[in-house]
Amino acid sequence: MNTQILILATSAFLCVRADKICLGRHAVSNGTKVDTLTEKGIEVVNATETVEQKNIPKICSKGKQTIDLGQCGLLGTTIGPPQCDQFLEFSANLIIERREGDDICYPGKFDNEETLRQILRKSGGIKKENMGFTYTGVRTNGETSACRRSRSSFYAEMKWLLSNTDNGVFPQMTKSYKNTKREPALIIWGIHHSGSTAEQTRLYGSGNKLITVWSSKYQQSFAPNPGPRPQINGQSGRIDFYWLMLDPNDTVTFSFNGAFIAPDRASFLRGKSLGIQSDAQLDNNCEGECYHIGGTIISNLPFQNINSRAIGKCPRYVKQKSLMLATGMKNVPENSTHKQLTHHMRKKRGLFGAIAGFIENGWEGLIDGWYGYRHQNAQGEGTAADYKSTQSAINQITGKLNRLIEKTNQQFELIDNEFNEIEKQIGNVINWTRDSIIEVWSYNAEFLVAVENQHTIDLTDSEMNKLYEKVRRQLRENAEEDGNGCFEIFHQCDNDCMASIRNNTYDHKKYRKEAIQNRIQIDAVKLSSGYKDIILWFSFGASCFLFLAIAMGLAFICIKNGNMRCTICI
C-alpha cells in the first residue's frame with residue numbers, strides 16, 4: 001500500500017509542467033542574403049534591391065515638351081542647314097538628337113564643338129534676333145550645291161559674302177552688334193578655306209585675307225588657309241565655325257576683307273532642358289526623368305547598372321549588378337528537424353521543446369510582428385506579437401532606402417566622346433575621370449549598403465535584447481532563465497498573468513510568496529549539470545571498486561579451501 005502511494009506521488013510530481021514564457025523573433029523559411037561590414041552572406045527576413053537593372057527601350061516623353069531633331073544636328077539649329085529649317089527656333093525641355101542628324105551641309109567643323117553642344121542641350125530651346133548688318137560693295141547671296149533646297153542655297157542663318165565680281169576687290173569692312181537683351185547672346189561666324197588659291201582670288205580678290213573678332217572678353221584673328229582637300233559633298237573647300245557667348249550690354253565687332261561667313265541672327269537660350277542622343281522610339285504613354293542612348297530608366301532605387309552615361313534625375317551608376325539592403329532582422333529559420341518533429345515534441349516536451357533561443361532561432365509562425373512571446377500554462381499554449389518593439393524597429397529602419405537615394409541621386413550631364421583631333425586629350429581625360437568616378441562610386445555604394453545593413457541587424461538585435469530585459473526585470477526572482485530565451489515561472493501564471501508580463505504590468509510582489517515556496521521545493525531536488533557529472537563519475541568509480549573487491553574475495557576463499565591453486569614460476 002505504501003509502495004503504491006509513493007509511485008502515485010512520484011508520477012504526479014513528474015507530470016507537473018511548469019508555466020513558461022519565451023521570447024522570439026519572426027523568421028521565414030527562405031530569407032535573403034546581404035553583406036555587412038564584418039560578414040558576407042548574412043540571411044535576413046526582408047531585403048530590398050538597390051540596383052536597378054530594368055531598362056525601358058523607349059524615350060518616355062509623357063508630360064514633356066519634346067523635340068525630335070531627326071536629320072538635323074543640334075548645332076545645326078544655330079546656323080541653319082536645309083535639314084534644320086524647321087528647327088531654327090524652338091522651345092523644349094527634352095531634346096532628342098538622332099545618329100542620322102547632321103549639323104552642316106558644306107563640309108567643315110565647329111570649334112569647341114562639345115562645349116557648345118552641352119550648352120544647347122541644356123538650353124530649353126533657342127530664339128533668334130536679327131543683328132542688323134547691312135553690306136555695300138559686296139554680294140551677300142553666296143550659295144553652294146552642298147546645301148540644296150529646291151536648288152543651290154546656303155545656311156539660313158549665315159551670309160556668304162563675296163566680291164561684287166569674280167576676282168574683284170573685296171573691301172575692308174567692320175560690323176558691330178550690341179547685345180541689348182538681359183541674357184547672353186550666342187554669336188556664330190565662319191571662316192571659308194577655299195579649295196585653292198585661285199578659287200580664293202576668284203571669290204574674294206587677291207591678297208592676304210584676315211578676319212578679326214573682338215569683344216570685352218574675346219579677341220581672335222583668323223587667316224584662311226586655301227588648298228586642296230578631299231572632296232565632301234562635292235566640295236574641296238571647308239568652312240570652320242567659331243562662336244562666343246556675348247554678355248548683356250557687351251558689343252562684338254567683326255573686321256574682315258574676305259573669306260568671312262557673317263552671322264545674320266544672334267541666338268538666345270530659352271531656359272532649361274535635357275538633351276540626349278538616342279535612336280530609341282518616342283513614347284508619349286510613359287513618363288521618365290532619366291534617359292540614356294538605349295531608352296529610359298524609371299526607378300526609385302539609388303543605383304543602376306544599365307548605362308554609365310545616363311542623364312537627368314538618375315540613380316548612380318555602379319558596377320555591381322545587385323546590392324541588397326536589409327529592411328528586416330537577421331533570419332534564423334526553424335530547421336527542418338523541428339518541422340518534422342513538431343507534433344512529437346509538443347506531446348513529449350511541450351511547445352518549446354524543439355525551439356532554440358531567441359538569439360539562435362526564430363519562429364516562422366510569428367506573422368503579426370517582428371518580436372513576440374510564446375507561453376504555456378495550465379490553460380494551454382499561446383503566441384502573441386509585441387507591437388511596441390516591432391514598431392520601434394520599423395520606425396528606425398523605414399526610410400533607409402530614401403536616405404540612400406538622397407545621398408546618391410543628382411542631375412547628370414552627358415559629355416560625348418566625339419572629340420576632334422585637338423580635343424582628344426581632353427576627351428581622354430574626361431573618359432578617365434568618368435571611369436574613376438564609377439570605380440569610386442561602386443565602392444561607395446557597396447560601403448554605404450554594408451553600413452546600413454550592419455546598423456539594421458544591430459538595431460533589430462538591440463530591440464530583442466530590450467524586450468528580453470523588460471521581461472527579466474518584471475519577473476525578478478519569480479522565474480528563472482533557461483539560457484534559451486525562456487523563463488520558467490515558479491508560480492501558477494494563467495493567461496491574464498501572461499498578458500500582464502507582455503503588457504509590462506506584471507506585479508511580482510503578488511506572486512512572490514508562492515514563487516519562493518516552489519523555488520525551494522525545486523531547488524531541493526534539482527541538480528545542475530556539473531553536479532550530475534561528479535555523481536556519475538563517483539558512482540562509476542565506486543562500482544569498479546566494489547566489483548574488484550568481490551572478485552578478490554572470491555579468489556581468496558577458493559585458494560583457502562583448496563579449490564584454486566596459484567603457482568608462481570621463476
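Cβ coordinates come from backbone N, Cα and C, glycine included.
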What is the disulfide partner of C286 among C60, C72, C497, C544, as given in Swiss-Prot? C60
Please work out, from what Swiss-Prot records, which of C486, C497 forms the disulfide with C493. C497
Between the disulfide-bonded residues C60, C72, C286, C497, where is the Cβ count within 10 Å the lowest? C286
Residue among the disulfide-bonded residues C147, C290 whose Cβ has the most other Cβ atoms within 10 Å: C290
Please classify the secondary structure at C84 (disulfide bond) using three-state DSSP. helix
Chain-internal residues, separated by at least six, CB under 8 A from N46 (N-linked glycosylation site): T32, A326, T327, G328
Return one of helix, strand or coil for C105 (disulfide bond), based on DSSP. coil
Fill in the CA-CA distance, N30 (N-linked glycosylation site) to N503 (N-linked glycosylation site), as an integer in Å. 31
Near the Cβ of N503 (N-linked glycosylation site), how many other Cβ atoms are there if near means within 10 Å? 11
Given C72 (disulfide bond) and C314 (disulfide bond), what distance in Å do their CA atoms have, once rounded to a whole number? 27
